[in-house]
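Copied over from TrEMBL:
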- 147: active site (ACT_SITE)
- 300: active site (ACT_SITE)
- 330: active site (ACT_SITE)
- 72-213: domain 'Alpha/beta hydrolase fold-3' (DOMAIN)
- 268-332: domain 'Alpha/beta hydrolase fold-3' (DOMAIN)
Ligand SMILES: *[C@@H]1O[C@H](CO)[C@@H](O)[C@H](O)[C@H]1NC(C)=O
Ligand SMILES: *[C@@H]1O[C@H](CO)[C@@H](O)[C@H](O)[C@H]1NC(C)=O
């Protein structure tokens with residue numbers, strides 16, 4: 001199923017991108033049919049291991065190194081339910097950074113939320129503790145993830161801020177992360193640039209499936225009926241269209257006021273854990289986060305989650321590098337390395 005979904009996603013993306021004039025359909029389709037190339041694979045030593053209970057795949061360069069290497073731990077996207085990471089990303093990172101762990105956290109629905117977040121914390125903690133045995137400098141490890149993997153990367157960094165028994169994470173790289181489920185009426189949600197599989201409805205439905213809830217709750221959630229007014233007031237300082245820069249909300253219209261439905265709130269309570277909505281973390285946590293690189297895409301319903309988190313980090317004096325890909329859409333990472341979408345690789349300077 002994952003590979004079918006991925007192929008459909010790619011094909012759909014190809015059609016859509018072609019119709020938007022982003023790039024030529026045949027070029028994209030050719031890449032898809034060619035599959036992902038295994039360039040440089042022989043230069044890597046790949047090992048499947050377990051960090052605690054969590055399966056991980058480790059990529060180590062075969063060539064010897066005089067000094068300890070930098071390391072990356074990566075959490076793939078796929079709504080916590082499917083997916084694995086793009087081979088191109090692995091190659092790119094491995095090639096640049098040299099040592100690399102991909103955490104294959106256990107998926108929902110077989111493993112109930114928050115197993116995925118806990119697995120990511122376990123894998124990261126283990127890697128920070130044992131880095132030297134892989135030739136990695138424990139003080140130069142970054143945590144990285146795309147989409148739902150970006151959520152896991154964010155919450156992992158938040159959960160580890162106060163830990164003094166393990167080395168500090170050097171930086172976090174968040175690629176179009178999902179970061180909050182309070183407000184689905186932000187400008188980028190309204191824009192609903194549903195390139196790929198990621199329309200607003202589909203996203204909310206995925207969230208509900210991930211939590212093993214019924215998709216019929218979607219309408220109420222989209223309307224905002226899952227949030228009591230007191231909660232909206234409490235968090236408007238962090239999640240509100242007023243916090244989005246003008247240039248990103250040209251066609252934005254404030255939504256109709258929602259009528260609160262307590263049963264829906266009760267059903268969706270997990271959505272307000274900071275693990276699930278890391279934008280709700282207190283300043284005491286956010287202010288201690290490592291250097292951050294956030295990547296947002298213009299054609300992405302999650303664009304504003306990234307913009308809001310960027311603002312929160314900056315307001316808390318965390319060093320943030322921000323890359324906004326004007327022609328990018330959700331899932332654009334799949335095309336990394338094909339030369340059409342070249343990726344701003346300056347995040348590597350964070351290391
Ligand atoms: C870390 O410590 C601060 C107080 O210094 C506290 O407010 C915060 O909740 C703690 N965070 C976590 C994730 O334990
Ligand atoms: C979002 O886009 C999808 C696909 O184009 C469409 O079916 C849906 O009605 C749109 N939703 C909103 C709220 O605009």
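Counting starts with 1 at the first residue shown.
Using the three backbone atoms N, Cα and C, a Cβ is placed for every residue, glycine included.
Across the range of the domain 'Alpha/beta hydrolase fold-3' (268-332), the DSSP-based residue counts are 25 helix, 19 strand, 21 coil. Under DSSP, residues within the domain 'Alpha/beta hydrolase fold-3' (72-213) fall into helix, strand and coil as 59 helix, 24 strand, 59 coil.
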